[in-house]
Amino acid sequence: MYATVTVTVLLLISSGIFCQNEKLCSNGGTECNRHCGQNNTVGICHGQNGKLKCECVEYKRKMF
């Protein structure tokens, strides 16, 4: 019984995370960039058609 409840909770949490990522990446990634920009990072959408996951990465500019 506890295993069933645990699996159900994990599935609900993961589906909520994916829905949020799809929302952030649905309009070409501008919302993802805005979301990640709050932490001084750059948002990159990737996955199927570039709409599955919003990932925040640190951007380092090289000075020559």
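In case you wondered, yes, glycine gets a Cβ from its N, Cα and C as well.
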Which candidate, Cys36, Cys45, does Swiss-Prot give as the disulfide partner of Cys25? Cys45
Bonded to Cys32 via a disulfide in Swiss-Prot, from among Cys19, Cys54, is Cys54
Please give me the disulfide-bonded residues out of Cys32, Cys36, Cys56 that lie within 10 Å of Cys45 (disulfide bond), comparing Cα atoms only. Cys32, Cys56
I need the CA-to-CA distance for Cys32 (disulfide bond) versus Cys25 (disulfide bond), whole Å please. 6
Using DSSP reduced to three states, classify Cys45 (disulfide bond) as helix, strand or coil. strand
Tell me the Cβ neighbour count for Cys32 (disulfide bond), meaning other Cβ atoms within 10 Å of its Cβ, over all protein chains shown. 25
